[in-house]
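Undergrad: Have a look at this one.
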Amino acid sequence: MSHEKDRIYATEHGQVEDFRFDDQVARVFPDMIKRSVPGYSHIIGMIGILAEQYAQPDSHLYDLGSSLGAATLAMRHRVHAPGATLIAVDNSQAMLDRSRDFLESEDLPTPVKTVCADITELQLERASFVVLNFTLQFIPVEERQATLQRIYDGMLPGGALVLSEKLRFADPVQEQLLAQHHHDFKRANGYSDLEISQKRQAIERVLLPETADDHLNRMKAVGFSAATQWFQSFNFASFLAIK
Ligand SMILES: C[S@@+](CC[C@H](N)C(=O)[O-])C[C@H]1O[C@@H](n2cnc3c(N)ncnc32)[C@H](O)[C@@H]1O
Ligand SMILES: O=C(O)C(=O)C[C@]1(C(=O)O)C=C[C@@H](O)C=C1
């Protein structure tokens, strides 16, 4: 995997364009996500541990919005269910191209398929475990319920979903406090005020955070029998839902 440092917003952009998962982002993505999302490495590790528990024989485990495949790889290291297949899905060809080399290079028993598709249109089949690790936040809000319903419909009884998201908070004090400390986290990881402010402008129309209750209520509404928040670091959280 590439170890290039993210300097995308280090110089002044005359006009900050909407954030896209293009080749420039794919090249620096491991560095970008680790320095931008508090708890990212912890969540990736736990996805591996959860996948091992929920993987059923002859089922599919999906990584939706797989980027360079970090969550897929964590699952691949721990899933031993006979006949299980990992399916990494992303609609960014740039991301998929870079993920293939390293996903397929490892010699591990569970096979991986990479699929270029829009997850709002994807038909899942026999899914025992589904990961949406910081992906749903990029789907238009009005399409999120139908997307989650489709996912639920393609899952096996007893299957599990891990949903990780940037959160917003209904209480303005909490919102301001956690956003401020997220920016402190970025600064501590070497991002300048210019980088932080230009990135913020780039994502404000494309990454639309919702509250934890919005997510929990939606998971219940589509049919999950249990849904709980298992992780939070500042304004980033992860949920677990069981069919
Ligand atoms: C923040 S990244 C996800 C990080 C990744 N899951 C990880 O754990 O490293 C969001 C990913 O979702 C993908 N994405 C966004 N909208 C999508 C869609 N409608 N269909 C498929 N992939 C999508 C982007 O291309 C991007 O690679
Ligand atoms: O909220 C921010 O400031 C971020 O940079 C977050 C975030 C994300 O949550 O996906 C946004 C885009 C990149 O994919 C990496 C991190």
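Every residue number used here counts from 1 along the chain in the order it is shown.
Cβ coordinates are placed from backbone N, Cα and C, and glycine is handled just like the others.
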Undergrad: Which of these, ASN133, ASN189, does TrEMBL say binds S-adenosyl-L-methionine at the same site as TYR40, GLY65, SER66, SER67, ASP90, ASN91, ASP118, ILE119, ARG200?
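TA: Only hit among ASN133, ASN189 in TrEMBL's S-adenosyl-L-methionine site, alongside TYR40, GLY65, SER66, SER67, ASP90, ASN91, ASP118, ILE119, ARG200: ASN133.
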Undergrad: What is the three-state DSSP composition of the domain 'Methyltransferase' (63-159), stated as helix, strand and coil residue counts?
TA: 36 helix, 25 strand, 36 coil
Undergrad: Least buried of the binding-site residues TYR40, SER66, ASP90, going by other Cβ atoms within 10 Å?
TA: TYR40
Undergrad: Can you tell which of ASP118, ASN133 has the least company, meaning the fewest other C-beta atoms within 10 angstroms of its C-beta, among these binding-site residues?
TA: ASP118
Undergrad: Filtering TYR40, ASP118, ASN133 (binding-site residues) by proximity to ligand 1: which pass a Cβ cutoff of under 6 Å to any of its atoms?
TA: ASP118, ASN133
